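Enquirer: There's a structure below that I have some questions on.
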Amino acid sequence: MTRQWETIREYKEIKYELYDGIAKVTINRPEVRNAFTPNTVQEMIDAFTRARDDQRISVIILTGEGDKAFCSGGDQKVRGHGGYVGDDQIPRLNVLDLQRLIRVIPKPVVAMVRGYAIGGGNVLNVVCDLTIAADNAIFGQTGPKVGSFDAGYGSGYLARIVGHKKAREIWYLCRQYNAQEALDMGLVNTVVPLDQVEDETVQWCQEMKQHSPTALRFLKAAMNADTDGLAGLQQMAGDATLLYYTTDEAKEGRDAFKEKRDPDFDQFPKFP
């Protein structure tokens, strides 16, 4: 099915589009297998932030331009002393900020993977809530081969997903795994033919759109809290506070303060 994706905002190294309440963030550097630079990452952070705040958007897709690669990680050509160097000549690892944003954004984020998801690209796949993989997808880590590693979500959370033994294999041996192998280890949710991957991804997104956004928000926060320690608890607590602010009980406390009177909390139920 051909869809008319609407461009929401123009960027240099990514695309940011909208279709039927679904945002799509596309890394647009196919000439380098969608490897990212600090500028690519900053643009993705901006797009994801806008998607978080946009009331039209229920679900977000992350993908790469073309059929050959989802993302091949950081562009080694701009890797300098202490990080990846952008236009400002400051070495950065701002992809860590993007990883955290994908984790805490209160909307489902779905990785749509075609071709290579390697290195930092595989880590982006890992931190997404769900993954729809094309049958040509290839996953793996390369860090120890190129003098790098991800000791955060890319290893610790990966181990939660595929098990510690498998995660160590992935990192220690730096092998590549096809789509079926990724499915078997729980790294992706489903595998479909390449020409059907967008249809399947959009179908999953449309199914989630039919469900309670508050329920999905809290489920995401709860699962994150299990793995993210106090940072995860902070996310869930913040979501709970926002929900509480919408209740008559919370409004009674606010209004009583503004009206300089004692609040009447006795009127509200005390559920067991």
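Cβ coordinates come from backbone N, Cα and C, glycine included.
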Enquirer: Give the range, chosen from 73-92, 253-272, that Swiss-Prot lists as region 'Disordered'.
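Expert: In Swiss-Prot, residues 253-272 carry the label region 'Disordered'.
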Enquirer: From the DSSP assignment alone, can you count helix, strand and coil residues within the region 'Disordered' (253-272)?
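Expert: The composition, in the requested order, is 9 helix, 0 strand, 11 coil.
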Enquirer: So if I draw a 10 Å sphere around the Cβ of Tyr84 (substrate binding site), how many other Cβ atoms end up inside it?
Expert: 25
Enquirer: Using DSSP with the three-state reduction, classify Tyr84 (substrate binding site) as helix, strand or coil.
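Expert: It is in a strand.
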